[in-house]
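Copied over from Swiss-Prot, here are the features:
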- Lys256: N6-(pyridoxal phosphate)lysine (MOD_RES)
Amino acid sequence: MTITSTNIIEETNYYGAHNYHPLPIVVSEANGVWVKDPEGNSYMDMLSAYSAVNQGHRHPKIIEALKNQADKVTLTSRAFHNELLGPWTKRMAKLTKKDKVLPMNTGVEAVETAIKAARRWAYQVKGVTENQAEIIAADGNFHGRTLNAISLSNDPDATKNYGPFVPGINKVSYGDINAIEKAITENTAAIILEPIQGEAGIIIPPEGYLKKVRELCSEKNILFIADEVQTGFARTGKMFACEWENVEPDIYVMGKALGGGVFPVSAIAANNEIMDVFTPGSHGSTFGGNPLACAVSMAAIDVIEEENLVNKSLESGKYFADKLRAVNFEGIKEVRARGLFIGMEFHQPVREICEKLKDKGILCKETHVNTIRFAPPLVITKDEMDWAIQRIEEVLTN
């Protein structure tokens, strides 16, 4: 029997939990910015697996690293050393300009690790009374799906019927420095922010906001945690989005593109004063820092650096965003962009537009009902962007 997209979608819906609402498309092959379905139809990927595929699908260098390491050793656990963890931690420390790195697997694991580090630091270094440490988070955030992460959230879709939530969290309006100042208490350990909010619809904070957050954290002896899981590794036209304001957080949270689109790799990076709160047995991960992850991750960073994807994202993002802004359609409210991290907000829900774009060969996804996120692999060419713009115009103007 020939397996069709319809068969696969029906089987997935029957046997799988319905915690996602994907477009009716099945991806069976991928290369660069393009994917194919089982019927052989080609589509341009404008989502990049939520920015996990910045280097393009199946980049040859990353796949080669994966295969070579898979032929040697894939997993040792942290009960033993492996020969790539040392070089990988050094590489990551140099990249982030931090003393130490702690490897995990998924983005939300890195978020959890950062918050645990901040709480321990508050008790052991700052002197907060035990079990009283507080974390400040911003409305509209997305830090993941664990109970701790959704405790930071104010999104009803993410939080409904999952309580009780983790205590010690104060929420403030994103972009409002005065709100942060009012939320700070003697027990505040850290503030966690996305430098640009992704799931909220590519929300860019007011100019100077991150710099003021950095200054306030330094003044009040609070840690600044930057969740760069989605914005990191060249997505916004900088290696890390904090660089748009020349800001250095106390803790970097990294993931997604760190794994080159082929393996889950995440990490936090911080200086010794923070990292030294961890002692054997206080935190861990069986798969974190495994040799396969290290090999893939170093190749993923090589690709970003060797192919100059930071500048490519910056230049391509400006070109693509300008083209989107020039589209003549009165339903468009605003186009927000940093590099190839682009949100096109409409005055109405956009699910139907995404489905029509799929029919034209473009895969993108709505976020928060009224916004389409355009975040193609950073290897996209000018000709490919022009191809996409033509079809976006056709859908919107017809």
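Every residue gets a Cβ built from N, Cα and C, even glycine.
Of all the Cβ atoms in the protein chains shown, 27 others lie within 10 Å of the Cβ of the residue listed as 'N6-(pyridoxal phosphate)lysine'. The residue listed as 'N6-(pyridoxal phosphate)lysine' falls within a helical segment according to DSSP.
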